[in-house]
Amino acid sequence: MKIGVLGVQGDVREHVEALHKLGVETLIVKLPEHLDMVDGLILPGGESTTMIRILKEMNMDEKLVEKINDGLPVFATCAGVILLAKRINNYKQEKLGVLDVTVERNAYGRQVESFETFIEIPAIGKDPFRAIFIRAPRIVETGRSVEILAYHEGDPVLVKEGKILASTFHPELTDDLRLHRYFLEMVK
């Protein structure tokens, strides 16, 4: 199994390190043809407007949508969720539009208002998961086929739709590998 990490901007290194700790071969995806070389893909946190602009400049956006629609498993964190969302409230931004959610960018505040909390994620076990929110998006609406795996103060923060796993927080910034392991099970 080989997992790609989109390498255009953001928390690339942190995801690669998490995957290496799990003994997984990785590829930093920087070219459209790299998408044909991976069994699953992680879209890291970062700055979503920069990421979509770079994807378009590299002509990778259409290929990525095609691969996801063909069943490529994807794990998106923070800005990656914004990239995948079908709808973004109160902000005009291009997106890939493959995940049936509506999001609000930076909904939990600015960088200085970032926070950590523990959340319950029954799908990965009974122990709470340390969730780090940094200028995180808020999922304000989910489509019928979207399964909500975790909440924070009533808002969905971890969702799954088909082969897409989407987290508004940053699991790659913790030592807890359970979400990465959960994603690898989706890829198998």
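The count begins at 1 with the first shown residue.
Positions of Cβ are set from backbone N, Cα and C atoms, glycine also.
Per Swiss-Prot, these features apply:
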| type | residues | note |
| --- | --- | --- |
| BINDING | GLY46, GLU47, SER48, ARG105, ILE134, ARG135 | L-glutamine binding site |
| ACT_SITE | CYS78 | active site, nucleophile |
| ACT_SITE | HIS170 | active site, charge relay system |
| ACT_SITE | GLU172 | active site, charge relay system |
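Across the residues annotated as binding L-glutamine (GLY46, GLU47, SER48, ARG105, ILE134, ARG135), the two Cα atoms farthest apart lie 13 Å from each other.
Close to the recorded L-glutamine site, the chain also has GLY45, CYS78, ALA79, ILE82, ASN106, ALA136, PRO137: residues not among GLY46, GLU47, SER48, ARG105, ILE134, ARG135 whose Cβ is within 8 Å of the site's Cβ mean position. Looking at ARG105 (L-glutamine binding site) and HIS170 (active site, charge relay system), their Cα atoms lie 15 Å from each other.
Under 8 Å, Cβ to Cβ, and six or more positions away along its own chain, SER48 (L-glutamine binding site) finds ALA79, GLY80, ILE82, LEU83, GLN93, LYS95, ARG105. In sequence order, ASP11, GLU14, GLY45, THR77, CYS78, ALA131, ILE132, PHE133, ILE134 are the residues of the chain that are 6 or more apart from HIS170 (active site, charge relay system) and have a CB within less than 8 Å of its CB. Neighbour counts were taken as the number of other C-beta atoms within 10 angstroms of each residue's C-beta; across the recorded positions GLU47, GLU172, the minimum falls on GLU47. DSSP classifies ILE134 (L-glutamine binding site) as coil under the three-state reduction. Counting every protein chain shown, the Cβ of ARG135 (L-glutamine binding site) has 18 other Cβ atoms within 10 Å. Set side by side, the recorded positions CYS78, ILE134 differ in how many other CB atoms lie within 10 angstroms of their CB, and the most is found at CYS78.
Sequence-distant contacts (6 or more apart, same chain, Cβ under 8 Å) of GLY46 (L-glutamine binding site) comprise VAL8, GLN9, GLY10, ASP11, CYS78, ALA79, GLY80.
SER48 (L-glutamine binding site) falls within a helix when secondary structure is assigned with DSSP. Note: the CA-CA distance between GLU172 (active site, charge relay system) and GLU47 (L-glutamine binding site) rounds to 16 Å.
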